[in-house]
Amino acid sequence: MDFIEISLIFREHLPLLELCSVIINLLLFLVFLFAVSARQILVCVRRGRDRLSKDDTVSASNLSLEREVNHVSVGFGFNLSLLCCLYVLGVQVLVLVYDGVKVRREVSDWFVLCFPASQSLAWFVLSFLVLHLKYKSSEKLPFLVRIWWFLAFSICLCTMYVDGRRLAIEGWSRCSSHVVANLAVTPALGFLCFLAWRGVSGIQVTRSSSDLQEPLLVEEEAACLKVTPYSTAGLVSLITLSWLDPLLSAGSKRPLELKDIPLLAPRDRAKSSYKVLKSNWKRCKSENPSKPPSLARAIMKSFWKEAACNAVFAGLNTLVSYVGPYLISYFVDYLGGKEIFPHEGYVLAGIFFTSKLIETVTTRQWYMGVDILGMHVRSALTAMVYRKGLKLSSIAKQNHTSGEIVNYMAVDVQRIGDYSWYLHDIWMLPMQIVLALAILYKSVGIAAVATLVATIISILVTIPLAKVQEDYQDKLMTAKDERMRKTSECLRNMRVLKLQAWEDRYRVRLEEMREEEYGWLRKALYSQAFVTFIFWSSPIFVAAVTFATSIFLGTQLTAGGVLSALATFRILQEPLRNFPDLVSMMAQTKVSLDRISGFLQEEELQEDATVVIPRGLSNIAIEIKDGVFCWDPFSSRPTLSGIQMKVEKGMRVAVCGTVGSGKSSFISCILGEIPKISGEVRICGTTGYVSQSAWIQSGNIEENILFGSPMEKTKYKNVIQACSLKKDIELFSHGDQTIIGERGINLSGGQKQRVQLARALYQDADIYLLDDPFSALDAHTGSDLFRDYILSALAEKTVVFVTHQVEFLPAADLILVLKEGRIIQSGKYDDLLQAGTDFKALVSAHHEAIEAMDIPSPSSEDSDENPIRDSLVLHNPKSDVFENDIETLAKEVQEGGSASDLKAIKEKKKKAKRSRKKQLVQEEERVKGKVSMKVYLSYMGAAYKGALIPLIILAQAAFQFLQIASNWWMAWANPQTEGDESKVDPTLLLIVYTALAFGSSVFIFVRAALVATFGLAAAQKLFLNMLRSVFRAPMSFFDSTPAGRILNRVSIDQSVVDLDIPFRLGGFASTTIQLCGIVAVMTNVTWQVFLLVVPVAVACFWMQKYYMASSRELVRIVSIQKSPIIHLFGESIAGAATIRGFGQEKRFIKRNLYLLDCFVRPFFCSIAAIEWLCLRMELLSTLVFAFCMVLLVSFPHGTIDPSMAGLAVTYGLNLNGRLSRWILSFCKLENKIISIERIYQYSQIVGEAPAIIEDFRPPSSWPATGTIELVDVKVRYAENLPTVLHGVSCVFPGGKKIGIVGRTGSGKSTLIQALFRLIEPTAGKITIDNIDISQIGLHDLRSRLGIIPQDPTLFEGTIRANLDPLEEHSDDKIWEALDKSQLGDVVRGKDLKLDSPVLENGDNWSVGQRQLVSLGRALLKQAKILVLDEATASVDTATDNLIQKIIRTEFEDCTVCTIAHRIPTVIDSDLVLVLSDGRVAEFDTPARLLEDKSSMFLKLVTEYSSRSTGIPEL
């Protein structure tokens, strides 16, 4: 080639560059005008909408009074950027004037003025935009400006390059005004390009605020008062996702918190989605009651508009994705010298660029849309499942345990939401096949029919796989449900497991359940590996069939046609790959839909079980006519039968009877909780319910008492007084703001009951239903509470109370005596005594117990003093619950306060925040910043010490090499144009291609199998490590950690590790190697591309780092915000009866919706951030592709091989997708790795002492005598909490019966926990038979001790398994224990005897029966030391007396420590320990203590005796 030809080339290219510049400037200018117009239209529309709806913004009551004072400082960078814009504008205006004069003088073509005119117009607009930034106080450069500056500099460099080559060839005589202008503006454009890369305008805005800006009455500390900018974003902002810039900017400077994340737009909130789905679900149920309703249909009806909008983007994206494959043959022909029209190459390059640009934008909008659609579906379904959980009938609860329902929310709902990604594949697959066939028909002719046949065969092959995967998924989910159910049960009852030394046994059971789950997981993952093989093999099979058919038919294959076909196959690969995934996902989604649909169709509580009449319309408060009720409607024996009762307004009704007589069921029938077989129940007014097993919410004491009602200080103070809580609250370190642990773990049994009573009293109901609330209280507190609460505070209310305290019965207006589910006696106290029979037997047993106590009269001089009460009055002014709180103070300020008052609010809020740090339950720990490399290494080393990682990379590299080799072979071997001969024999061509391509698919199968093997081993190891760590955790961990947090890790996080992370890791390796292959192919043809790839890669890494700073924190917040949803659900299910009893369902549903929004807020920003990054990645890669195309077109014909250039274009079509997918796969991998990080946290819990210490194992006969010695024992629950036991010292002689008494909260149960080492003493020591228990293993200690705990616990299973979980005893021994514990006849009356079922939490057994089962366990264990912690509180006096006799007989030679509020239970003990405020007040024989007139024990006995003589003396 000579200089003349080169000169002609550059003469052609320079005008084209100028033409490109003109077109780009005009396009950007039009976009600018369109954006401005669209923004104005959107503003007008929103103004009109705002007038019609108040819902689109946060209400004024929720907004702060903030008036920000913005201080704007203009930096040197801004001034220089404005100066550069004006400078370039001036230069272009000069060029325009010069060229205009020249044209006029020389009478030239006016077309030459287009370039300087467009440049002048563009830089005028740019100067205006930059100047406008100052008035907008914008710290960030608009995306449009940044793109404009970047393109201007790029075109300038290209023009300078062409100008330089031309001047070198033709000489300086050809120098023009444009050349001079380019040289003049290059430094300015370079600086502007640098600013475009940084994105900073040079303007700094300092926002300051006065005290008047402090938000008032913000309920949640984590609340944000700003609605997401997404709701008001303009068209350009929506397309470019620049509305997210402020959040990402904040995240790049500091770790994001929930308060940084804006509120959702009203249309995106859970409430909106829930209402729509709920309405359509009801409609589907009512349309055809005879057929099961379709949940899928209800979902489609609810969200079809969003799906249709997504379909538009999906369809457009599909169309433009086939533009490249269609044009490749033309491009190869052009490079081969076949030019159809002038400048065809540039036109083709422009079309390629435009199509990829449209594909990029539509892809991001499409993916963003499906994410939002899935988000709405998940929110709505979660809310539906929660609501259903509150309404479940007793029968339905047996079919769905809380663990299973957690799985519905955590796994099934997630899967249904994820199906939005596959929703459009159903109709897109045929569309893509049709487009592919059209292109193939152009390329290979009639052989395209073979493509269709091969495609159909490939699809049919996947159908059996889908069925197999559906079965595997169904079995996997069933196994996961079972594991979650047992895990949830173990976490709830961990205290019992540790006390009984059963934790290893139950942990092994969980490991066995995991093994079963692991088996199905292994099958699912290996089947997925086979699906991956099918995915990569299908296009190879289709291509081989197509090419073989073409060769057989004699169709001429050309390089262009082959490359077009290969590009088409590569695109067709996606729907072919997605089809197995689609079928698999449809199968999985169907399973999840069926599970949730079945749950939503479960029977709810009978709405007509109780007829509620508004207050004031009747004098009859409660009326039951011919009531027959049964927990199991299919049972032949009803729970309650023949119930007749009429209670007038204001009456006090007492319900009594022996254990299992139906007392609690009687309360349930009034509430409508128990299924009604026949009869009628009517109540007049509202109800307040206090359950027998206290239900306490996590939160502070005030929140538990208010229970959603507004604070009224006087009323609140009276309630505290009436419930005897004032002294307790004063003793708490934070008063009524003390955080209560899960299930009230840091409260004593009596305190929990009094909080329950306070909650009921504060609601001011008309009817109060109290299920034995006094059993957990000592005599004095019980007497005071009965007097102040029932006789005084509820004097004008209707009260129905269940009680075993016979002494309270005389105060009742009506007494009901139940036996075997029937009311056998009813009437007043005296009338029933005279009638004799069962009621007289109950009362007589009580009086006999009282008469057995020989009680001297206390001296009159001490009668008005109470040393125990005085010792408890340790007033803490900081915990005064009656001072004005933050809300009251804020209200006063709103009514006319000053700034100083607001400062007081701020200070008080700061103090409250500081005080929370000392609470028992803390906010969930969250790692901040970059995921530690230690986490990655721990995961990669978890399976075979990382030995599989190199093999996975090697297999992927081999696959990629063979893929490129097969495509290169087809491009090289086929002729460039029709008529030319092929370089090889057609048969050899096909054999080599098939061998290379099939070999690549084999390697991908090897990679997929290795990834599955690696993932399985790593997941199993991580799970077992976490499980063992959790089970070895001290009890303080469970006290301070809500079960929802742990369940979140063993369900959601573990599912991510099981099913997601292995493929994420493999996908990242795959994408990395594929990207390297694409770049290698492109640079092999046009090495100049590498010069642009390097800066683009740097820019990508910078953006990835910028994005990850916010993304990882958003993912962590998402994970943390999921726990409260699960926790609330578990808590609500446990207290559903209480919630319904107070009619609080709507409030709890609203709370659930709020928590869902708190979860969705960071999730929404997280998915938007992903699309934000992908958009910018793909735009950069599209520019690289465009640059490659321009270079290929610029080369003279014959310079490069058209076949290789076509191959480079074929791979370049995938560059934008692969580059963004590479960065995205790493980002998603890091986001998913956070699940491993969270599991790793729980694998590193500091465990309690070893279970067995081989060097200090006690003798097998230990303890021989059972002597317990406490030496200066001090105990506290946590380092940040006060001491509970203050130097307790005493000796319990072996074989003696020790009674432990004291006021509620005096430290009795804490002492027992120290004995079992659930809490390790901070000082002192405890010895048993002269062996320091701190020196031996926990299992050796706890397995040698027996206990009947205060809260009786039954595990789901059978009676046999609950009595003998370790399977150490024969049936005869078990029956003997049941008979001695008074349960033998009850169990014999069951159809399955010892195999009689026990439901979750033992719900089908009464509380009293559960305590008797605990007694049976102790009888079987026959430990030398037995502890009874309020073991008989929930049984009647006669049964209690009988149990005490059994214990005295069966444990005659054992040391028995009894904690009891019933004085007769401990009066015959050998020694009595009186505790007061965590100290030993008295310790002696009962006789000596009763002889001492100043004895605290004497006062306790006297109080009990006085109370037991009857209510009139109270």
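Glycine is treated like the rest: Cβ placed from N, Cα and C.
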Annotated stretch (transmembrane segment, per Swiss-Prot) among the listed ranges 361-381, 781-801, 1117-1137, 1411-1431: 1117-1137
Per Swiss-Prot record, range annotated transmembrane segment [choices 230-250, 986-1006]: 986-1006
Neighbour count (Cβ, 10 Å) for Lys663 (ATP 1 binding site): 26
Which same-chain residues, if any, lie at least 6 apart from Ser661 (ATP 1 binding site) yet have Cβ under 8 Å of it: Leu818, Lys819, Glu820, Gly821
Residues from the same chain, set at least six apart from the ends of the transmembrane segment (421-441), whose C-beta lies under 8 A from its own: 307, 310-311, 314-315, 318-319, 322, 325-326, 370, 373-374, 447-448, 451-452, 455, 546, 564-565, 568-569, 571-572, 574-575, 578-579, 581-582, 585-586
Under 8 Å by Cβ from Gly662 (ATP 1 binding site), counting only residues of that chain that are 6 or more apart: Thr639, Leu640, Leu818, Glu820, Gly821, Arg822
Gly660 (ATP 1 binding site): secondary structure state under DSSP, collapsed to three categories: coil
Val659 (ATP 1 binding site): tally of other CB atoms within 10 A of its CB: 22
Stretch among 446-466, 1155-1175, 1180-1200 sharing the most Cβ pairs under 8 Å with the transmembrane segment (334-354): 1180-1200
Number of Cβ atoms other than its own within 10 Å, given for Ser664 (ATP 1 binding site): 23
